[in-house]
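Following this message is one structure expressed as structure tokens.
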Amino acid sequence: MNDIILTSQKLYKSYHDGTSRVEVLKGVDLAITKGDRIAIIGPSGSGKSTLLHLLGGLDKPTSGLITLGKVDWQKINEKQRCQLRNQQLGFVYQFHHLLPEFTALENVMMPLLLAGMAVKDAEEKAINMLEQVGLKPRLAHKPAQLSGGERQRVAIARALVHQPHCVLADEPTGNLDEATASKVFDLMLELNKKMNTALVIVTHDQRIAERMDRVLVLHEGSLYARE
């Protein structure tokens, strides 16, 4: 039980669409432990990204409990949520969301600087992380000077540079060609194993899902293990 990082209990999320109420999540229970590899699959519009946002404290549930470590997301303010996210979670999206005016190195340094780390220490850690993703020769390049695969590797380095307990990834290879997507995903699995960081991926790609330890299906608001 001590290895549990992130949990949801009886998680509900609904939206109002005009006069009607749309229930996206209906009592979702999930426990994520250290080093987990979890794929979440399901039809488009089933609420996979919504679930990921809730787990990451980027949105609030209609009801239910979400805990990161021993902290209830609902019992802390926005500033505390930001601090907790920066300390314990990493995020990778389909689009890299790198800051275009900054170099690869500066983008990867950003979470460390926001956490109050000294510039020299942040630079050293960021260089090391970029080396691990094979981009040491590209430190000074801005996103526009990098290929799609390279940009996504910078995004992965940024997500992992502070050694989070869990990485939440939403279609991280969705914008890449098949060969590049395979290489990027291989890298994510390698770093997941090396750093013992839990990895939760929302994906439509069955080949990615097949390589994860657990495959969960989100359908009509319910989350269950694929048989």
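Each residue, glycine too, has its Cβ placed from N, Cα and C.
Straight from Swiss-Prot, here's the annotation block:
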- G42, P43, S44, G45, S46, G47, K48, S49: ATP binding site (BINDING)
- 6-227: domain 'ABC transporter' (DOMAIN)
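Help me understand the surroundings of these features in the structure.
Following the DSSP three-state reduction, the secondary structure of S46 (ATP binding site) is coil.
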Take the Cβ of P43 (ATP binding site) and count every other Cβ within 10 Å, whichever protein chain it belongs to.
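Step by step: centre on the Cβ of P43 (ATP binding site), count other Cβ atoms within 10 Å, giving 12.
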For the binding-site residues G42, G47, which one has the sparsest Cβ surroundings, going by other Cβ atoms within 10 Å?
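Lowest Cβ count within 10 Å among the binding-site residues (G42, G47) is G42.
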Relative to the Cβ position of G45 (ATP binding site), how many further Cβ atoms are located within 10 Å?
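For G45 (ATP binding site), the 10 Å Cβ neighbour count is 9.
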Can you give me the same-chain residues 6 or more apart in sequence from S49 (ATP binding site) with a CB-CB distance under 8 Å?
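Those within reach of S49 (ATP binding site), by Cβ under 8 Å and sequence separation of 6 or more, are D170, V202.
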